[in-house]
Amino acid sequence: MFARMSDLHVLLLMVLAGKTAFGLSLLSFLTEPDPDWTPDQYEYSQEYNNQEENASSTTAYSDNPDWYYEEDDPCLSNPCTHGGDCLVSGATFTCRCPDPFSGNRCQNVQNKCKNNPCGRGDCLITQSPPYHRCACKHPYRGSDCSRVVPVCRPNPCQNGGTCSRQRRRSKFTCACPDQFKGKLCEIGPDDCYVDDGYSYRGRVSKTIHQHTCLYWNSHLLLQEKYNMFMEDAEAHGIGEHNFCRNPDGDKKPWCFIKVNNVKVKWEYCDVPACSALDVANPEGRPTEPLTKFPEFGSCGRTEIAEKKVKRIFGGFKSTAGKHPWQASLQTSLRLTVSTPQGHYCGGALIHPCWVLTAAHCTEIKTKYLKVVLGDQDLTKTEFHEQSFGVQKIFKYSHYIEIDDIPYNDIALLKLKPVDGHCALESKYVKTVCLPDGPFLSGTECYISGWGVTETGEGSRHLLDAKVKLISNTICNSRQLYDHSIDDNMICAGNLQKPGQDSCQGDSGGPLTCEKDGTSYIYGIVSWGLECGKRPGVYTQVTKFLTWIKATMEKEASF
């Protein structure tokens with residue numbers, strides 16, 4: 001029923017195993033008294049019984065604060081970039097770099113274009129042999145762009161454009177159909193940018209002064225901060241093309257251009273901003289509400305100031321209302337001998353009637369399932385709680401488990417209205433926003449939950465912890481998940497200090513990242529190995545936005 005019941009620990013609460021975990025938490029108890037903090041019963045019953053052993057743990061930690069990290073494998077965090085292999089060499093490491101990369105961490109890109117002129121084209125660096133190629137200007141062809149082909153055969157004009165030859169054999173023009181433009185009629189009527197264009201993924205490759213953009217993998221850009229070989233290039237929409245992008249959050253999309261055949265500079269692009277109508281209703285659909293139940297005034301905003309309270313097993317006891325979209329999935333069934341009725345998975349409220357969770361949390365029939373919102377202490381019924389039955393479960397159709405690893409691990413729960421309404425907005429119950437684009441590796445995000453999974457106990461209080469997003473390249477290294485992470489998954493944790501941040505969430509609970517003061521659900525707690533030692537693995541919500549919205553809209557029509 002659950003993912004990896006044996007050796008796969010789905011983000012368990014226990015962060016540092018055994019007595020040593022207690023040594024870390026007890027020290028903070030003694031040095032930072034907090035009159036508002038109430039310890040968990042679980043904490044007392046499981047960790048406070050053997051005072052002699054606990055005292056010795058504390059002493060060991062005090063004498064050597066780096067005790068936990070002394071024998072860390074230097075390759076654990078895979079410091080080698082660009083798919084390099086990390087080799088342990090005594091107390092340090094060396095990186096074995098694939099072509100065309102070099103450097104002590106494979107951070108440099110070798111310029112394979114130095115002795116390979118492209119004539120009527122631009123030389124590009126590639127990641128496959130011979131690690132360079134020529135991007136020829138039409139109508140030139142060949143490995144060095146020296147051969148000329150007929151300019152209009154085959155027709156280079158796209159989207160039904162008509163090609164006309166000019167006097168010079170290499171010159172031509174495209175007569176574009178209505179609403180299409182560009183040298184090859186490649187730019188459609190919907191090619192525009194929203195806000196500052198950070199999420200722009202169109203095909204404009206001309207600047208406002210009509211200069212042609214350089215390819216992002218041009219050899220001329222190897223020394224630039226932004227190119228195809230930068231970390232998270234794909235998340236920025238940067239690849240082996242020369243389309244305008246805005247990776248640094250400038251005021252609009254831009255690109256690099258070549259000046260005097262040598263010098264590189266940048267210019268803003270000739271791409272229009274989308275009109276207000278396009279932004280509000282990009283597909284021209286009737287602007288009907290999603291359901292008959294009104295949505296909340298806003299999403300992803302809290303009314304609670306962050307308050308740092310006593311650390312509990314590597315996480316923090318969360319302030320009530322700090323994660324108002326947090327949902328507790330509870331069942332009236334006893335799932336296993338060690339798991340009683342009650343809370344068993346987490347979720348996130350994305351609409352008054354909809355909760356997002358993991359597919360592997362939805363093997364229970366709706367009649368045995370309820371969702372509690374605004375919950376802080378699982379042992380109490382609090383005044384700000386709202387409880388709902390589940391009307392329907394929508395599991396993603398391609399969800400599957402292979403070798404105990406859940407793929408496409410996402411599901412939607414449609415809540416059953418109470419007294420004619422679903423969730424009511426309050427300080428303690430709010431919706432989290434769906435993301436409109438990717439977040440970068442290294443972004444600090446939150447996981448939250450009670451730390452309860454199907455194989456162990458957790459805290460009675462809602463916990464949270466900060467984690468950092470980790471690129472799939474690093475997460476797929478041999479030292480971590482060895483190519484088990486697919487494009488619909490993301491990793492998050494703390495590679496420098498493992499053990500303090502990977503186990504506070506519940507299966508199905510939210511990984512939320514913030515932008516401009518608004519929280520977005522970027523991941524769903526899915527699975528992991530060696531809890532506290534490797535990053536947690538999450539379903540990447542941006543990969544399923546179309547399915548989420550289509551499912552909710554379809555149900556709204558009933």
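Every residue number used here counts from 1 along the chain in the order it is shown.
Including glycine, each Cβ sits where the backbone N, Cα and C put it.
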(request) Choose one of Cys157, Cys163, Cys433, Cys445: the cysteine that Swiss-Prot connects to Cys299 by a disulfide bond. (result) Cys433
(message) Let me make sure I read this right: Swiss-Prot says Cys152 forms a disulphide bond with another cysteine. Which one, out of Cys136, Cys145, Cys163?
(response) Cys163
(request) Looking at the disulfide bonds in Swiss-Prot, identify which of Cys174, Cys176 pairs up with Cys157. (result) Cys174
(request) For each of the disulfide-bonded residues (Cys106, Cys113, Cys176, Cys185, Cys491), count the other CB atoms lying within 10 A of its CB, then report the residue with the highest count. (result) Cys491
(request) Select the most exposed residue of Cys123, Cys136, Cys152, Cys353, where exposure means the fewest other Cβ atoms within 10 Å, treating these as the disulfide-bonded residues. (result) Cys152
(message) Using a 10 Å cut-off between Cα atoms, which of these disulfide-bonded residues sit near Cys176 (disulfide bond): Cys123, Cys157, Cys192, Cys269?
(response) Cys157
(message) When you rank Cys113, Cys152, Cys299, Cys353, Cys491 by Cα distance to Cys97 (disulfide bond), which of the disulfide-bonded residues ends up on top as the closest?
(response) Cys113
(request) Starting from Cys136 (disulfide bond), work out which of the disulfide-bonded residues listed here (Cys86, Cys123, Cys152, Cys244) have their Cα within 10 Å, and give them in sequence order. (result) Cys123
(message) Neighbour count first, Cβ atoms within 10 Å, every protein chain included; then name which of Cys174, Cys192, Cys274, Cys475 tops the list of disulfide-bonded residues.
(response) Cys475
